[in-house]
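Only one structure is covered here, and it is reproduced in the block below.
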Amino acid sequence: MEKSSIYGLTWTKLTEWLEAHGQKKFRATQVWDWLYRKRVKTFEEMSNVPKETIELLTANFVMNTLEEQVVQESTDGTTKYLFKLSDGNLIETVMMKQEYGLSVCVTTQVGCNIGCTFCASGLLKKSRDLTAGEIVEQIMNVQHYLDGRNLEERVSHVVVMGIGEPFDNYDNVMDFLRVINHDKGLAIGARHITVSTSGLAPRIIDFANEDFQVNLAISLHAPNNELRTSIMRINKTYSIEKLMEAIHYYVNKTNRRITFEYIMLKGVNDHKKEALELAALLGEHRHLAYVNLIPYNPVDEHIDYERSTKEDVLAFYDTLKKNGINCVIRREHGTDIDAACGQLRSKQIKRVGVRERMKQKQAAAEE
C-alpha cells in the first residue's frame, strides 16, 4: 500500500493517530515542531523522538511525495515550480515577492473541470483531487528552498488560486488551511490566506460556517448571466443570482470583505456597460466588496481572447470608483516566464508527448 504524506495530517489528526498507535500525546508536539519549525526532511532527523516512534512514522508515512521538475525564475523575483506527483501527474506552484512579504499560490487539483474558456488550467481536464499532504508539500518545498538560501525568509502569505477549483476539493483544502495556519507550526495568519472559488454556491455557505477567518475571493469575470455563462461554464449550474445569495449569506455571517476577481478581456467584458452592471451587482455589499481587475495573460490555445488595452482597463477602473466600488488593477508577476496559471504544466506535457511520439516513430522505424 502506498504511504501517505505526513503533511496531510492536521494537528488534531496527528495527535489522534499517534495516541491510537500507543504513543503519548506530547509526541505530536515534538513531531509537529520538527516538521514545521525545524523543517527536517527525514524522520531520522527528529533527534528527541524515540526510535520506536520514528519507525512507526517511517512505516506509515512519507515526507515528500513531490519531485521538482522545472523551476523558472523571473526578473521580478517570481519563481514558478513544476512538480511531479508520485503518480506521474504534474502540478504548478508559484512564489511571488510582494511589498508585504512572500506569497505562494498553490494548486489543489490535477487539471480543472470548471471550463473557463480563457484559462490555461482548464485545457487539461481534472483527473483527480490533490491530497491535503500534496497541497501542504507545495508550501514546504518553497519554504525549504528559502531555508536553503539562509536569508531567514519565510512564506508569509498563501493564495489558493492555482490549478483546480478549491471548493471542489473542499475537505482536503480545509485540512491544508488548518495545517499552515496552526500557531505551533508555520503559523501563517488566517488573514494572510485567500481561497478563490469560481462560484460553488453551497461551498461558499459551508466556508462561511468554518471556524477561521481565511479570506474569500470570487472569480466573477462578468456581471450578467449571459456573458458569464459564455466564458464560465459553471454559471449554468450556479447562476449569478444563486452566487449572490451565497455571498449575501457569507457577508452577513462573517462581516468579512470579499474580493471579486475580474479578468479583463478585450471587447468581451471590458466596456463601460459591464462596469456599470458590476457596480450595480455589488452595490448592496459595496462596503465589503473589493474588485481586483486582472490583465489577461494570453494563452496560445485561446486565440479568441486578447488583453484589454491599458486605456480600457483604466476607464473600467474609473467607472467602478465613481460608483463607489473599491477596486485595484492587479500588479503583474512573472511576465517573462510562463505566467498564466497552468501554462507551464501544459507546455511540459506537450513536450513529453512530442518526445514520446518521436520515440515511438523511431522504434517503429527500427523494427
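Each Cβ is built from the backbone N, Cα and C atoms, and glycine gets one as well.
According to Swiss-Prot, the residue from Ser127, Ser196, Ser239 that belongs to the S-adenosyl-L-methionine site alongside Gly164, Glu165, Ser219, Leu220, His221, Asn297 is Ser196. Each residue contributes its Cα atom, and for Cys105 (disulfide bond) and Glu165 (S-adenosyl-L-methionine binding site) these two points are 13 Å apart. Other Cβ atoms within 10 Å of the Cβ of Glu92 (active site, proton acceptor) number 26 in total over all chains. Taking the C-alpha atom of Glu92 (active site, proton acceptor) as reference, the shortest distance to any of the binding-site residues Gly164, Ser219, Leu220, His221, Asn297 belongs to Gly164. In sequence order, Cys116, Phe118, Arg228, Ile231, Met232, Glu261, Tyr262, Ile263, Asn269 make up the list of same-chain residues 6 or more apart from His221 (S-adenosyl-L-methionine binding site) whose Cβ falls under 8 Å from its Cβ. DSSP classifies His221 (S-adenosyl-L-methionine binding site) as coil under the three-state reduction.
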